[in-house]
Each structure stands twice: as C-alpha cells, then as structure tokens.
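To start, the structure under review is shown below, and the notes come after it.
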C-alpha cells in the first residue's frame, strides 16, 4: 500500500481550521501515553498540564507574562519566514537588544525621567535590528547562508552579555557577583494599573495587530508574501529580494530586541549572565505553530507558554521530569507540520494493484 | 606537549567529522536536515544506555546508529512523504531529540560510563610521536576517516553516487529519467541519521564517557556549518572539522598559558571563525554555484 | 474503555486528595538550578532533602523542582510552591536571590531560605558553607603529593566564592611548599563536562599533575584517572569515577542544616539568620582519604581537627598579588573580607578577569 499526495486545487479552508486542533489532540494523546509509560496517571497529568494553569488567576497571569516575549519575537520572525529569510538567531537579537536597552540605566543611572523607558525601548529595538542586519548583510552581499550565521551570532551574543555582566557592567556594590545594578524605578517597566501584567503585554498586542494589518492590507505585506512564495513573480513586480531581506531581518531583530529590553526592564530589573530561557528558539516554534499569522501567533504563544507552566505543575505535583515540557513542545510542532499537509494535499491510499485498489480519500 | 594537544584536537574533531559527512550525503541528495543536533544527542543517550545495560561498547554504538536512523526516518517521512517544510521539520526534530534524550537519560546521570578502548597496533603504535597520534586512537576515529573515503568514492566514482548527485541537482530531470527521487533521498536521510547517531555515540562513549543533559552542546549545528564550509566535498570536511576542533581546544590552552585576553572572547573564537569561513566560501560565487546541490531544500512531489 | 473509566476515577480521586489536608506537619520545598542527577551541586542539595525525609519520616512532606532557570521562571516556581502549601522553601542558587525576596514579600507566613546569597528579610534567611576550609586541606595534600610542583585549577566564574577557594588552596599548598605553582583555567560554566575535560587535559599537558576544580562534573577526575594524574572531587565523593585518581573530595553536606531548620519550623522557633558553617558543624565533610600515604592522611586529619577547632585558614601573614598586605601575622580575615574576596594571593600565575 502506498501513500499518495494529491494536490488540492486550492487550500482547504476546513482543514486550515481543523488541522491545528487535530494536532493538539494528537499531542494530548501522545502526552498521555508518555505519562502512563513513566508510571503516572495520564488524565491527571493532562489536566495538570493543559487545564489547571488556566483555572487560577496567578498562573493565568504567569502564562500571559511568559507568552508575551514569545509572541513579540514570533511576530518578527513571521515576517522573515514569510519572505523565505530563515532567521534562526532571534535569541541573539533578544540579548543584544537587551544590552543596548540596558546601556542607559547602567551607564547613566542618574538619568531618571519619563523619557528613560521609551529611550531604552528604542535603543533595544535598534540594537536587536543591528545584530540581525549582520547575517542579513552577509546574505545579500556574499550570499552566505543566513541560518548558520544568525545561529553562530547567538553564541557570540551570549558571550558578550557574559563578559559585560562579569566585567565592565558589574554592580560595584554587589560583592563581585555577576549582575548589574538594579534599575531605578524610572527604568523599570511597570505593571498596568489594576492588573499584575506588565506593559509588555498590551504593547505586544498592539504590535501583533499592526503587523496583521500590514501583512494583510498593505503593499509591503503583499510584497513580503509574494517574495516568499514566488520570488520571480515578485521581481517582475519590481520588488527587490535583497532589500526585503534587509527589511525583514531588521524588523525581526528590532522586535526581538524590544522583547529583550522589556523582559530585562520589567521582569528582571537588572542584567544577569542569562536573561533568556531560550525565548528566541521557542519563538520559532510559536511562529510555525501560529502559521506565520499574527493572530495565530498570539494563540500559539499562549499555548506554548501554557506548556511551560504546565510542565512545572506536573513536575511539582507528580514528580514528572521537567523534560516532559520540551518533549510535548517538539511533538506539538511535529503534529502541526504533519497535519498542515492536509491543507495543501489530499491523502490517497493506493493499493498494490494501482488505481484499481484505491481505498480512501481524506 | 604538541603531541598531547594534537590528541585533544583529534578527539574534538571526530564527532564533528562523522556528523558532517553524513549530512553532506543528505544535502547532496537535495534535502536539508537541520535536525542533526537532535539525532546526535539521541545517539549519545541511546548508545550510553545500551552500553551501560549490556556492558558492551560495540552494542552501544550499534544502538546509537539505530537511534539516529529512527529519528531520521521520522524526519524523512514528514519531509519526503508528507512534504512538510524542511527547515521547520528539522528544527522540530532537534527540539524533540533534545527533550526526549533528557527524558531517557535521567536514569543514567551520574553513572560512570564505558569508554571505548584505544586500538593498539603492535610496532606502529610505539613509534615516538607519530605512533600514539596516528596508530593508537579508539576505533571510531579510524571509522571517521574510512567514512570520508567511502563517501568520496561513492559520490564521485560510482553510478549510484552520480544518480544521487543528480537527484540533488535536478530532481525533475532525475524523475523523468525514471529514478525514484523519494526513495533515493530517503536512503540518504537514513545514512545521515546513522552518522549523526554514531557521532553522538562518540560523545558519550569516548569523548567524555558519561551521560549529561545536552552533552552535544551545539555540535550538530557546527556540523551543518562544516558541510557548507566544505562546499559539499567530502575531503574538505576533514579540513573543516580539524580546523574547528583546533580552534576550540586552543582556547583552553591559551588560558592555561595565561594570555591576557578575556576568556569570553577566546570562547567565541570558534563561532566567529565559522562565520568568517562561511563568508569566504560563499563569496566565491564560482565555487559555490558549481558545488551547491541546486535543489537543496526544495520539496519534490511527483505529479501524476 | 474500562481502563479509561478507572483512570478517570483515579484522576478525580487524586485531585480530591490533593486538595485535602496532608498528614504531614510541615511541607518543605526545594528549588534546584541544575538537574538532581548532576552529581554535584544540585545532587548534594537533594541528598540533604532525602536526609531530612529519612529523619522526620511521616511528619515531613517534601517536593522539589529541578533545572529552574534564574529569573522570572524562578519567581514563578517559588510562587507556585508558596501557593501549594509549602511552609519553608529552600532556593539553592545565588541567582534566585531577587526572586526569593520578591515572593517572600507576598507570602509573609512562608519561610524562605536562600543559599549563597546576602539579602535577608523577616521571613528570609541565608545559608552558605565554608568550602574554603576544605580547599586549604586539599591544597596541602596537593603540595605533598605533586612531583612537578604544579597544580591545575579548573574554575567556573570569578565570583568571591570561587576566588576564595583558589586562594585557600594555594595558601594550603604554600604551607607545605612555599614555591608551589598554580595554573587556573576559567571554563565560564558551572557544568560542562566536555569543556571541563578539555581544560583538564590542557592543564595536564602544561605540567600539572594534580587537578582540582570548582565545576560540577566528574569529567576532570576521569581525565586525571586516564592520564595517571590525581585530583579532588567537588561537592560529592567522586571516587567511583576515578578510583585511582581521587585523593579526597570536599562534600557539601546540607542534611544537618536542613534537618535543623525544618525542626525549627515545626517547633515555631524559626528565625531569619545568616548561616555560614563549615567543618566544625558538619556542613563541609572531607571524603575518605584514598590513594595517599599514611603520613599525608595524618597531616590532613590534623589540619581538619585544627580548623574544626576554630582556626581560620585565612590567617596571616597573607600578601596579595599586588604586594599589599591582606593580613598581618596571626590575624585572621573577617567573614566580610572572605565573602567579598576579589583579589589573588601572591603566587598565582593568572590575572583575575576584572
């Protein structure tokens, strides 16, 4: 028996909505399976993992707080991926953006005014964009593969942060421990009054909405999508692949840098040797899970943040390994990718005797 | 002392070499598998686990190869049969591999491991300096060189190798000539998985005989870079692997000699060097155009 | 179908049981920065937790979270424990300091214990161990045993705790051999077996025949074993990894401290304080001395007794690397000077990364 793919005449709308649900369902089944193999009650595990975090206010807030940087970075990445620019270095852009953004409160701690935060965020975005432009320029000028260069720069960025936090930017009053001085209140991203969420959340939401508008309703958005699907058609229309590469990397780097600055200023209040538990890489999953669409990314970011919180919940309540979270994330991505095939293709099972043995269409 | 440094470079370069040569074959057939890191680390944990449970290093190595192939089979199914996006699927493979290996490996943390014994060749191994360096390595070092020679011979001197390269350069024509593009690519992907698994086994059975979460520490990504660095030519992979191994080892020696350079700068040298080399290689357009498999990363669906 | 039904019933029962009061008097919770199986820092903390469980039996319930990254994730993990009924929460890494303080403010009835930090509050205590005492002893052993007169030190990060460890090691070595040399390599990680192994090889290649480390894996000792060199285990007894190479190890024994503090929580006598104890209190323990001649073992045990009796290894005369005097003859450095140490003792061929 052979599996055959028959291209659909147009993308199946029904499947576009169903496939992520099927994927989540399959992931839940696989997760339950893993729970029971490791000797734990599968239903209890699934409840603790997926559902319980949503039932309490503090865990819901924690989930939103964790989802925010993921969504922001993924929005930027989606612009890159839609235009066939494979930016894998968002993690490094996050870090360098945070460094640029933290420069103001660390080097000029007495500069406390209403302008501090906006300046920090602007610097952060610029810093991230600059770091992202390195692999972009290498691609446009030397044709160097951007996957590898952007990835290598992640390591370099982490080492740069490490050097600064242990050396020149170390807190003079901190007993030589590798951390910068705590930021002043003027440099700390505060919470939205009435909630315990930082301003990062509404800012991210606004960015996502703006991006959706740009992608869907403007020429730029059209350009991004066309150049991704058919560069030749795009070049006939006058779009430049090189300029688009620079643009998309700059946007992605800028948003990642902004996310980094907001995280350091809001959640951490200082620079530490590690400021990201892998946001830049997880955001790649979020981008694909959200099918490179800002609203999908919001949902996907939330689901992925949920998987982190859920992972801690099962660890704490059931003694399940904390690796379960990353296994479930990997499985989710796999199933989403596999199920997405159903949107573009129809699966046909062909029997041994060829067309005489056709069995089923999906 | 130079001899000792050379020995360390060899151990650092070998896993890179093995993983890269496997991925080279995969990319020559037109498929981009970014999941090398995930396959390597699964190889490392399975190899260690089996060696530990059975007491046999050889069985561990074979189990690691099988694990790498299983992971790559999953990748192959998604990318070749279901035609999913190769970049995303490769990344998913890495994430899954790293997470899954951590899960499996939990039972094996903190246990002293089996180390693959060094081969001892009478007379030859006793030659001062050259002896230990060339004739007294563990078996996998010799396997790595044998692999490179075998792959070079296969790709450029056999008919099947020619077919594989043509599939990578122009899958439409290859298909029109009657070759099964999917099957050839699947076989290449499996070979890449086997190599990645073997490289992982080297990490946990020879390099540092123990299991530690995330012990491959990004070597799979370096192996991917080495394939580009080598312009998809097998013999150049050796140069790349040894160059990279040397730069990473020298960083530590430089510190022991007390050069007054920040250690973070020294640690970043391998990565900066990789970027520099990639730029130089790709800037030479003629070299790149001639050797890059033209259909690398492009999905193929036989139209009916 | 039946098993699905059973599972559902079990799940409901579990959930119900979880919310009911537990039989134990006290719930103690632990947050680890690394995996419990690292056989180093986090492993030893978990051994302490297990010691406490054994000691208190049914009266104590424990829980732990491992590999929790420092930062907002840590804050969330600590808060989760505070909400899940933990009476005392042990946060075992320096980087958890600010998150611990933040959460402690929100939960005044929960007790917090932060390891290796310096900020306390009404419900936050800190604790640490005088590892440098052990370093002095192994420094003496190294100087006695080394034939080349050079030791290799694999260091993680230039924080005071690590620097004071290096200094104590050299002072111990100099007390036996004033010309003893020390080479230091910084691997910029607490736990990276590959790098640690490479660092050990580099140091041995450069002439060191005794290796010591302030990183958590067993890799350096394994390299020493392979190459015929010797060394010392870190945080736990690593003899099984290097049966011929390990002389002894500095073991972090947190059990006594955890038992003491949990008992205080049970009795209601818990007070926020800063604990910094060593050999005398049993927080630092030397692993059995192996692969050593009797006279060296005797010397080591004698020094152990001396330190346990109150003698401070950092007692003058101590000269800094820049030539200035750190302590006069017979004068001991005070706690603050040791906890904030950012200078080298004379005799180290290295410059502190500033």
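Here the Cβ of each residue, glycine as well, is placed from N, Cα and C on the backbone.
Taken from TrEMBL, the feature transmembrane segment covers B:6-26 (among others). Below 8 angstroms of C-beta separation, residues 32-33, 36, 40, 132-133, 137, 140-141, 143-144, 147-148, 151, 155, 164, 188-189, 191-196, 198-200, 202-203, 206-207, 216, 219-220, 222-224, 226-227, 230, 232, 234, 237-238, 240-242, 244-246, 248-249 of the same chain, each at least six residues beyond the ends of the transmembrane segment (B:6-26), sit close to that stretch.
Positions annotated as transmembrane segment by TrEMBL: B:31-51 (among others).
Annotation comment: TrEMBL describes B:57-83 (among others) as transmembrane segment.
Taken from TrEMBL, the feature transmembrane segment covers B:90-111 (among others).
With a threshold of 8 Å between CB atoms, the same-chain residues lying at least 6 positions outside the transmembrane segment (B:139-156) that come near it are 10-11, 14, 17-18, 21, 24-25, 28, 61, 116, 119, 164-165, 195, 198, 201-202, 206, 234-235, 237-238. What TrEMBL records for B:139-156 (among others) is transmembrane segment.
Annotation comment: TrEMBL describes B:186-208 (among others) as transmembrane segment.
Residues or ranges marked as transmembrane segment by TrEMBL: B:220-244 (among others).
Within its own chain, the transmembrane segment (B:265-283) is flanked in space by residues 222, 225, 228-229, 231, 240, 243-244, 247-248, 251, 254-255, 259, which lie at least six positions past its ends and keep a Cβ under 8 Å from the stretch. As annotated by TrEMBL, transmembrane segment applies to B:265-283 (among others).
Within its own chain, the transmembrane segment (B:220-244) is flanked in space by residues 9-10, 12-14, 16-17, 19-21, 23-24, 27-28, 34-41, 94, 145, 148-149, 151-152, 155, 196, 199, 270, 273-274, 277-278, 281-282, 287-288, 291-293, which lie at least six positions past its ends and keep a Cβ under 8 Å from the stretch. Distant neighbours of the transmembrane segment (B:90-111): 32-42, 44-46, 48-49, 52, 71, 74-75, 210-214, 220; these residues of the same chain sit at least 6 beyond its ends, with a Cβ under 8 Å from one of its Cβ atoms.
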